[in-house]
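What follows is a set of notes on a single structure, which appears directly below.
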Amino acid sequence: MGKARSYCIIHPDSVSHAKFGYSRADVTIEFPGEFKTGQDGLRDFAFDRVFEPSAGQAQIYQEVARPAIKDVFERMANCLFLAVGASGGGKTFTMTGGTKRFDDRGLIPRSISAVFETLAARTDREDFRVAVSFFEIYREQVIDLLSKAYAESATRHIVRSEREAYNLLFEGDSRRHFEQLPSNSETSRGHVFFQLYITRANAEAVLAFVDVAAPSPKQSSIDTSIAQSLAALRAVARSMCAGLPADQNSTLLTRLLEQWLTHDDIVTLLPLKYQSCGESYDFLQLARILHQALKSRAGACEGHPRKSSPVAGPMPGTVGACPADTTSRDRPLSHTFTPTFAMRTPRNLDACECIGPDTEAAPAIRSLDMKIPTPARNRCRVPKAEAPSVPPGPVPAGQAARVFGVDVRHRHSLPVVRAGVAREASPFRGQARPLGMPHNLVSAHATRVAHVTVNPHVNITRPGLANASATCTYSPMRGGRPSVSYSPLPMQRVVARPYHSEGRSRSISPMPGSGVTSAPFPWVPIPAGVKSWAPGHG
Ligand SMILES: Nc1ncnc2c1ncn2[C@@H]1O[C@H](COP(=O)(O)OP(=O)(O)OP(=O)(O)O)[C@@H](O)[C@H]1O
């Protein structure tokens, strides 16, 4: 039988609430007599561990997910991480990550890193293959987030490095359905499955991370669909507790979870922001019933190897069997351009700014914050051999170029105008500009449309995924050769400033293990009629 663990993660905004308390393994809420049971008083909910708000993501990862990664390599055990909870409680924060600090990256990126770090340390690493699938249940349909399509089958992409896996994570993340609601400015509107498949010979272990959407008070049709699937999940758990056959076919969520619920290791996560007694009680109870149901399972085998994806079982009309060895899709930005880190950006990102880091030092980067780097940390010339030659002078409007394998173009005729814009959004705004560093050293402007905009000095992005790496310091106004900002220090401090129309942003993660590939830098006319310069147009 698979193991079952359950954790509660307390949201920082819950702490001061009088009707809510928690200890290391219990959450207690107080509710009035008329609510639910008709009895006044306190209700206790036990967990394997309750993480107080001061517990960082690193600690949560260590206790929650690290054992599962070990089990993958020791006994090819599958594990499902199932995050449930009310809107705004922190499910996405726990699974994918927070917005402001690198330290806030969640279970998925940390697990990706751990899998590749473990592999790197093994002599038999060549025997393993890692693949990723990423899909969303939205309005009772599966959307493959890696192929942008309503899916009969979720595509499985082989990933050969941490960077490739991150790329897919951020790519898919940018395609998720979010909505701005009072409870959360970025509310997930679909149940999201991110799966890592680790295969060796005929054995396969799957790590699945499921972020279960919560209904909002808006009561739209999406909310109805979400509420129905949660009710179905609750009903399945109740049947399991009672030892009765469960109707798992009533919703797509329960159908996709069926095999997990009956067989595998499951970690239930309840990120909890105490908002109202009713809502908290509902989800605390759901977590409890789920945990009880999982504990009561019998007869399933522990850590059995899978032949096919647990979530992508053969179900007509839904996610079907994944093709076993689909190779990575051709992703123009990533196969020639090697980002050093990626920012999980807001859906309606206006612009972001990134500085550094050294792509060669990137594997050592484990710290990312919002501070301004010192010039010493941020300036280092790219070897001349790598520096593409650029003709001096302003880049004419409507011209494009391929910089380090990435298509870029100017949207403005005069770089100097662009520079003015960049300065406004510069990380150095209001501060003394570090000596020798152009104030607009890096400025990547992204819109939701897949295009790349460049100012005279850089750079690169695509929707939902601001890839920053090669920091071209070439200034058309100064002429000369372009160079790339490299950090000479292993613990490069990276600056990443997500800008957003409402001041919101998403998390930041590194792209270790990358290197910069250079490419010719000819300015070429943008084809007539092309409004946004999408990767691949060149
Ligand atoms: N442990 C935490 N520490 C700091 N901030 C947190 C924490 N958990 C969540 N947040 C913040 O709370 C907000 C809501 O979190 P998140 O979007 O992860 O909630 P959610 O449960 O996924 O909500 P929804 O169901 O609406 O999508 C975000 O701004 C997030 O950064």
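Glycine is no exception: its Cβ is also placed from the backbone N, Cα and C atoms.
The annotation domain 'Kinesin motor' is assigned in TrEMBL to 1-222. Positions annotated as ATP binding site by TrEMBL: Gly85, Ala86, Ser87, Gly88, Gly89, Gly90, Lys91, Thr92.
Here the features listed in TrEMBL are placed on the structure.
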residue : record           : contacts (Cβ under 8 Å, 6+ apart)
Gly85   : ATP binding site : Lys91, Val212, Ala214, Leu269, Leu270, Pro271, Leu272, Lys273, Phe283, Ala287
Ala86   : ATP binding site : Ser183, Ala214, Leu272, Lys273, Gln275, Glu279, Ser280, Asp282, Phe283
Ser87   : ATP binding site : Leu181, Ser183, Asn184, Thr187, Ala214, Pro215, Ser216
Gly88   : ATP binding site : His11, Ser183, Asn184, Thr187, Lys273, Gln275
Gly89   : ATP binding site : His11, Ala214, Leu270, Pro271, Leu272, Lys273, Phe283
Gly90   : ATP binding site : Ile9, His11, Pro271, Leu272, Lys273
Thr92   : ATP binding site : Gly106, Glu186, Ser188, Asp211
Taken over the domain 'Kinesin motor' (1-222), the model's mean pLDDT: 85
Where the C-beta lies under 6 angstroms from ligand 1, the matching binding-site residues among Ala86, Gly88, Gly89: Gly88, Gly89
Cβ-Cβ neighbours of Lys91 (ATP binding site) (radius 10 Å): 27
Env. residues of ATP site, Cβ within 8 Å of mean position of Gly85, Ala86, Ser87, Gly88, Gly89, Gly90, Lys91, Thr92 Cβ: His11, Phe93, Asn184, Ala214, Pro271, Lys273
